[in-house]
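One structure is given below, encoded as structure tokens.
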Amino acid sequence: MPFERKESPFDNDEALTKDYMPDTVLGRDEELDEISEVLQQLIDNEAPINTFIYGVSGTGKTVSVKYQLQELKQGAQNYDDISITFIYQNCESLSSSYQAAISLTNQLLKDDQYAHLHDQLEIDYETLPSSGLPKDTVYSIFFDALDHLTYEDTAYREQLSEALENIDQLENPPDLQIGADELIWLSKHPFDDVESVPSYLSFPPGFELLVDAETDLSNTDYSRSEVLSGIPEDPTTLLAELETEFDIRSPDEVTNYVTVVLDEVDRIGSRDELLYEIPRAQANNRVSNIRPSVIGISNDVAYKESIQSKTDSSLRLKEITFRRYDANQLGEILHQRAELAFKDGAYDDEIVPLAAAHARQQGGDARFAIDLLHKAGVKAKNDGDDVVQKDHIDEANEEKERDRIYEVTSDLDAQQKVTLSVIMLHDLRDETPISRESLYPKYKQLSGELLDKTTSKRRVADYLKEMYQLGLLNRKDNYGGPGKSGYVYELDTVDYEMILRVLGETDPSGMPEGSDLLSTELIDELESFADGKSAVREATQTQSSVDSWK
Ligand SMILES: Nc1ncnc2c1ncn2[C@@H]1O[C@H](COP(=O)(O)OP(=O)(O)OP(=O)(O)O)[C@@H](O)[C@H]1O
């Protein structure tokens, strides 16, 4: 069938993608203020504050930080005594500080605006290899790179190069054969103080001889005037003259701030020393040209606690907490996105509060809310509907819930899956909620038959607790006296089809080869349940599908 363009409710579906950067961040006034308080230090040219931002998923941490950094960048343009550089790193796929340092360094090495680093770091690589280098080497390259993110190395050099091209505008222009890099270098290394010249600098012939011989050229073939013909005798004065004539701010008058943002920093786990090394880099003499600081972002509460135990007051670590969105805030965010994403009149206004309510139930996750709108739009398009309606949102929500449950369930190991099948069996027999004690005999039997081994009641209690924490099971208090489990369990969302799919998968970890977890007993019970359902259905003439058994 030839492809033909479909009618679509979308005007700009980009506005519902995960990397879309909104013009305004809604409903986060307090949090934005707290971030701006931290960043204000840089505008005020005062000691930077290190920050740790915590909040559950989708509470707008990343978008708020990025938004405020943009604002700060704009604000900073009004002040020429500060230079501010940010580096953003998502640590999602990194498992140590070593990897984070490599990734950050490579990000800088790949960035055209920092092309000077390739010369200045004097490393043999275009980018650092992902493994193989000693940790100390990686750290020293990384901090060296940070130390070169300065005004002098960027804007100043550019302006100076331009000034040198127009040097004939000076009253007494010197006859120069060197560029901005050499001039800056010379101004810092008077001839009698020079050990070696970096390989990336290019001086006229004879310069190195002059350097080696210091001021005495008697044993060379060069005369001093010959060598100095392309080199200013007093580079410091020439620089000062160029700065004044061409209105260039001297690097001595500029403070360089470098802020490293480590998003999802909990992913680098316990080997997270970078988070502490960056703020201390100046005190530990790892950098001398910049004032470094760090912003760590995480949604892991356990990580937040570990940070608190590792930091002391010398770190000046300010903590900012992002609260969950309420339904109104989610509604505002969704309204903003829906207006951008959908064509005029292509969505029913009711979808916004409905999607907000669903997302609120998911813990106030804005990412979930926006994705719901996107999925609903795609559903409307595929159904050939001009307008996105409430039904599309509900369907999208169910689909997302199924995906979520499938994801967590398929990660369970074989023992946990057997426990899940036992709960399902009891559920089919109307015997839930059920206690650990009551389900243990069936667990023991099925686990023995299917997996050839059983575990203790205590382990089964652990499985139940884990599945409760994953949101697969509901749990109620049912204290049964000393030594008895205090809880009873039942399935949270009863989607037998999905559980069967997970149980039927061939290779869950811990399974003997060639078997699956669908016990004959479970299948029989399910069949009689389905028969019962169809009998009820026939009797009541309802249209419910076999998929929604319960
Ligand atoms: N206040 C807001 N205004 C507009 N868009 C928002 C707002 N909050 C979140 N979003 C959007 O929701 C999505 C998730 O936000 P963000 O990535 O900032 O959350 P997060 O708290 O960093 O989540 P995680 O911890 O999972 O990384 C993004 O697409 C973002 O643009």
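Just so you know, glycine gets a Cβ as well, placed from its N, Cα and C.
Bear in mind that the values here come from a model prediction, so they are computed numbers and not experimental data.
Taken from TrEMBL as is:
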type	residues	note
BINDING	T59, G60, K61, T62, V63, Y325, R337	ATP binding site
DOMAIN	25-150	domain 'Orc1-like AAA ATPase'
DOMAIN	332-398	domain 'Cdc6 AAA+ ATPase-type lid'
DOMAIN	408-492	domain 'Cdc6 C-terminal'
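Neighbour density around each Cβ, counted as other Cβ atoms within 10 Å, peaks among the binding-site residues T59, T62 at T59.
Among the residues T59, G60, K61, T62, V63, Y325, R337 said to bind ATP, no two Cα atoms are farther apart than 18 Å. Here the Cβ of Y325 (ATP binding site) has 27 other Cβ atoms within 10 Å, regardless of which shown protein chain they belong to.
The domain 'Cdc6 C-terminal' (408-492) scores a mean pLDDT of 85 in the predicted structure. Close to R337 (ATP binding site) in the fold, though at least 6 residues off in sequence, lie A15, L16, P22, I370, L373, each with a CB less than 8 Å from its CB. For G60 (ATP binding site), the Cβ neighbour count at a 10 Å cut-off comes to 22, with all displayed protein chains included. For V63 (ATP binding site), the count of additional Cβ atoms within 10 Å of its Cβ stands at 18 [all protein chains shown]. For the domain 'Cdc6 C-terminal' (408-492), the DSSP counts in helix, strand and coil order read 47 helix, 12 strand, 26 coil. Secondary structure at R337 (ATP binding site), taken from DSSP and collapsed to helix, strand or coil, is helix.
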